[in-house]
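Asker: One structure, as structure tokens, below. Some questions next.
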Amino acid sequence: MDQKNGSSFTGFILLGFSDRPQLERVLFVVLLIFYLLTLLGNTTIIALSRLDPHLQTPMYFFLSHLSFLDLCYTTSTVPQLLVHLRGADKSISFAGCVAQLFVSLGLGCTECILLGVMAFDRYAAVCRPLHYTVIMHPRLCALMASVSWFIGFANSSLQSGLIFLVPLCGRNKIDHFFCEVTPLLKLACVDTTENENEIFFVSVIILLIPVALITFSYGQIVRAVLRIKSASGQRKAFGTCGSHLTVVSLFYGTAIYIYVQPSNNYSQDQGKFISLFYTIVTPMANPFVYTLRNKDVTGAMRKVFCQDYDSR
């Protein structure tokens, strides 16, 4: 990499919300609380999935992967943001920026695919209940999870490499709170139309193929649920599927806004706040969405905590 591409840099400057010092103080408190809740909620989901035999099913296997992914995704951006919100130094090293972009892109892409896999799991559970354990065999579950992670980080390797090959000509002020694709491309001193078109094309594939799978799965699920004569059976099916649909809506709504739109329509300020939503609010909300109406998880929590209390 030549000097124009950043090897002569000591690093980048993440401008973040530095033009709003009053907002920085509020954001620090709010984001710190949200980050702690994210750690607590997602760690609880992972622990319960391992400790309670009743939760060692394909649904909770994928949910524990989602929780681990959300923990990593939030931790890749929020701790650094909290430091920047409280101090004057907004810098990030060149290597740190490369690593942050690589990790965030990889985890974001993995989540896109994983949510599609989870929709297929719900389809198999509701529409093929007698064959569910055969279809969702542990080996297949492990394979689908592994493929999700592999595709996510293979795509991230390609995207990150292409972005950091673009000449920057000494520009190092990123108008964002972390190293994100669009703000990085805006630093370029050459025409990036080809890069933007390539990123748009890949984003459409990564986002819309899982969306198509989710749409098909839930179309079949709705038809199957409406044929269930028991009202309690319908509520149970819609309960577990409704939680997944809520998570899908939160994630895909923000991701499509950020990545699947022409660059000339992109608002930097709106982009920052939308990015806050999918980097901290969605990972924080996911475990609560899955647990508040889920008797299996709440029952497992009571069992684990009661056993711990009794052992004392």
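Glycine residues also receive a Cβ, built from the backbone N, Cα and C atoms like all the rest.
For reference, TrEMBL lists these features for the protein:
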TRANSMEM  26-48  transmembrane segment
DOMAIN    41-290  domain 'G-protein coupled receptors family 1 profile'
TRANSMEM  60-78  transmembrane segment
TRANSMEM  98-120  transmembrane segment
TRANSMEM  140-158  transmembrane segment
TRANSMEM  199-226  transmembrane segment
TRANSMEM  238-260  transmembrane segment
TRANSMEM  272-292  transmembrane segment
Asker: Given a Cβ distance threshold of under 8 angstroms, which distant residues of the chain, six or more beyond its ends, lie next to the transmembrane segment (140-158)?
Answerer: 58, 61-62, 65, 101-103, 105-114, 117, 120-121, 202, 206
Asker: Using Cβ atoms and a strict cutoff of less than 8 Å, what residues sit near the transmembrane segment (272-292) while being 6 or more residues removed from its termini?
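Answerer: For the transmembrane segment (272-292), the far contacts come to 16-17, 31, 34-35, 37-38, 41-42, 44-45, 63, 66-67, 70-71, 73-74, 77-78, 104, 108, 176-178, 180, 243, 246-247, 250-251, 254-255, 257-258, 298, 301.
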Asker: Cβ under 8 Å to the transmembrane segment (238-260), counting only same-chain residues 6 or more beyond its ends: which ones?
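Answerer: For the transmembrane segment (238-260), the far contacts come to 59, 66, 108, 111-112, 115, 118-119, 122, 125-126, 181-182, 199-200, 203-204, 207-208, 211, 214, 218, 221, 225, 271, 274-275, 277-278, 281-282, 285-286, 289-290, 293-294.
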Asker: Under an 8 Å Cβ to Cβ limit, what residues of the same chain, 6 or more beyond the ends of the transmembrane segment (98-120), are close to it?
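Answerer: Long-range Cβ neighbours of the transmembrane segment (98-120): 59, 62-63, 65-66, 69-70, 72-73, 76-77, 80, 92, 144-145, 147-149, 151-153, 155-157, 159-160, 163-164, 178-181, 184, 206-207, 209-211, 213-214, 217-218, 244, 247-248, 251-252, 255, 278-279.
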Asker: Can you tell me the mean pLDDT for the domain 'G-protein coupled receptors family 1 profile' (41-290)?
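Answerer: That stretch averages a pLDDT of 87.
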